[in-house]
Each structure stands twice: as structure tokens, then as C-alpha cells.
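**Student:** Just passing along the structure, written as C-alpha cells.
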Amino acid sequence: MTNIRKSHPLLKIINDSFIDLPTPSNISSWWNFGSLLGICLVLQISTGLFLAMHYTSDTATAFNSVTHISRDVNYGWVLRYLHANGASMFFICLYLHVGRGLYYGSYLYKETWNVGVILLFATMATAFMGYVLPWGQMSFWGATVITNLLSAIPYIGTDLVEWIWGGFSVDKATLT
């Protein structure tokens, strides 16, 4: 006599996905960070889009628009806090995910590890682009902190920083 969860078509899908999932015996909570990264990324994109609908980057009105988001937009303060803390949580999960890979020796799988390194560099490049380039909404402080190390290169450092910034667009409290 077979169990209904293994013979019924719909229950068989659930059984194979959740109950009899073919996973290694050493799986632990360390293996959740890839999924948590996806959740954090969806959270960042969705809250960022809603915040961008109400934010103005002009130096005279930027603070007022943030105040408007916090006071007048329904649950705007929640969006701000989720977006700010979601960014920190994203990078915590990212570093823990890399740390788990180092701990369990995943670097021995060269192709998989190289894809992960490329994704890490792409994440850092995307974070830079998100800070500096779109809509002129990032602060002068953020752009200078991220590119500060490049300015220490002799002879070409300042020109390299200006080239990465995209010219002289970085000169005020916000990039407009």
C-alpha cells in the first residue's frame, strides 16, 4: 500500500519539494543566505522605486521631500526604514554567503566560484552606479567616499575619479 502523498499528483509535487527533498545531510541554516539575498534585493528594488516617486534631488527641496515621505506618504517612514536597513541586511547576507562558501570549500568548484566572484563584482559596481549616477540623487559625500581610494593613485588619480564620476556633475549636496 502506497502512501497518498507519494501517489496523488498534487501531493506528490509537494512531497518531492518539501518532505522528501534530496538535500545533503550537512545542510544547515548557513545555506539560507542565497534566498535571503533574493528577498533583500526584491525589497530594495520595490522600496527604492516607491521612494524615488516622491524624492526630489534639488539641494533646496531634498530635505523637504524626505520629510514629505516620512509624514505625508502612507507608511512612508516604513519604506525609508525598510530601504535603509534592507541595504545593510543585503550586504550582511552577501558577506555571510561568501563566508559560508569559504568555510565549506566551495572555492574548489572553480566555475561556480568564478560566477560568484563575477556576481560580487557586479553587485559592487551596481551599488556604485546606484549611489552616483541615476537621477542625480546621491550625495557628494557618497560619491567621494566610494571613489576616495582611486584619488590616491599618483598622476592619474584625480582624472580617474572625475572620469568615473562622469565629469563635473559631483559638486553639490546632491548630484544635479
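Every residue, even glycine, has its Cβ placed from backbone N, Cα and C.
Here's the feature list from Swiss-Prot:
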- 33-53: transmembrane segment (TRANSMEM)
- 77-98: transmembrane segment (TRANSMEM)
- His83: heme b b562 binding site (BINDING)
- His97: heme b b566 binding site (BINDING)
- 113-133: transmembrane segment (TRANSMEM)
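Context for these features, please: burial, neighbours, distances.
**Tutor:** In this structure, His83 (heme b b562 binding site) is part of a helix by DSSP. Non-local neighbourhood of His83 (heme b b562 binding site): Leu43, Gln44, Thr47, Gly48, Leu51, each in the same chain, at least six residues away, with C-beta under 8 Å from its C-beta.
Secondary structure at His97 (heme b b566 binding site), taken from DSSP and collapsed to helix, strand or coil, is helix.
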**Student:** For His97 (heme b b566 binding site), list the number of other Cβ atoms lying within 10 Å of its Cβ atom.
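**Tutor:** Neighbour count, Cβ to Cβ under the 10 Å cut-off: 19.
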**Student:** Which residues, given as numbers and ranges, are at least 6 beyond the ends of the transmembrane segment (77-98) yet have a Cβ under 8 Å from it?
**Tutor:** 30, 33-34, 36-37, 40-41, 43-44, 47-48, 50-51, 66, 69-70, 116, 120, 123
